[in-house]
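Per TrEMBL, the features are:
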DOMAIN    1-355  domain 'Major facilitator superfamily (MFS) profile'
TRANSMEM  25-44  transmembrane segment
TRANSMEM  50-71  transmembrane segment
TRANSMEM  83-105  transmembrane segment
TRANSMEM  111-133  transmembrane segment
TRANSMEM  200-223  transmembrane segment
TRANSMEM  238-261  transmembrane segment
TRANSMEM  268-287  transmembrane segment
Amino acid sequence: MAVAGAIIGAAVGGWMNDRFGRRRVLLIADFLFFVGAVIMASAPGAALLIVGRIFVGLGVGMASMTSPLYISEASPAKIRGALVSTNGFLITGGQFLSYLINLAFTKAPGTWRWMVGVAGFPALLQFILMLLLPESPRWLYRKGREEAAKVILRKIYPAHEVEQEIQDLKESVEAEIKEEGSSEKMNIIKLLKTKAVRRGLTAGVGLQVFQQFVGINTVMYYSPTIVQLAGFASNRTALLLSLVTAGLNAFGSIVSIYFIDRTGRKKLLIISLTGVVVSLGVLSGVFHETTTHSPMVSRVETSHFSNITCPDYSSALNSGAWDCMTCLKASSPDCGFCSSPTNKVNHMENQKIQI
């Protein structure tokens, strides 16, 4: 439901940005974050928990499409790329911090309530700090508030660059307004016939689409579950090992901050995509080998436990075909496997006991 809320938030975020401004949309997103966290932490049942996740999802969608826009319009050109990358680092760094916080609360009473409730604090902090930041000068200029836009530009740029930036902003906005008021309306078909627009659109949208298709968000969201499916049953151990994934993700963002304005976007992107392809290839090979060579469950050894330790195994029609990976994927939380202490004596070195 959080993802569904994010889709809606991103969809309405564009209209809200044009209507209310970037700063106000970010304030609304922070408010939704905070309210959603409070609702989830205090939810007496699943229904209200889902409502809280929808609120958080709406905030995520609005913030995800507004933050890069606000940064690009309210920051000096020389450090704009680094600041946009910093936004990415704060997202990945936040995921790392969330795993760290979750790890701290694994043994606390009401574990999950603390985990979801603590998200309200950074949302509240950002809301307060956003009150101290200015609106996007570009949005102000489009709304006819030229003097307010000039005041902000004078705060952002050095004195010797201000007049040129004001002139560039004026020409850019006036060109947009002129194009919008033109009798020859632009449409998507005409835009796609323009080579520069087509290439830029393909690169921008394609990167976002394929970034989702490689599964990074799934890995980040369900990293503890994936670790547990690999055989680490302890929640604490799963969270601890998930920190490695989140930490490497955050480290990659730090690297991009340093190199993006030095090596350029294209070269950095090619290096990054090469790493993604190689990593996915290695993962595919490892998972294939793990599944192919997974040891079979021993019915004889399992019978010593009266077949009551795993309802899924004892009731399965094809239990004779179960292997270790099947055990790990069983729906019952009590299902798992262990090595028999008498395997070597019984010459069953590759077999497992269902527990």
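Cβ atoms here come from the backbone N, Cα and C positions, even for glycine.
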Under a criterion of three or more Cβ pairs within a distance under 8 Å and sequence separation of at least 6, are the transmembrane segment (111-133) and the transmembrane segment (200-223) in contact?
-> no
For the transmembrane segment (238-261) and the transmembrane segment (83-105), does the number of C-beta pairs under 8 Å, pairs 6 or more apart in sequence, reach 3 or more?
-> yes
In the predicted model, what is the mean pLDDT computed over the domain 'Major facilitator superfamily (MFS) profile' (1-355)?
-> 77
Long-range CB partners for the transmembrane segment (268-287) (under 8 A, at least six residues beyond its ends), listed in sequence order, are 207, 214, 252, 256, 259-260
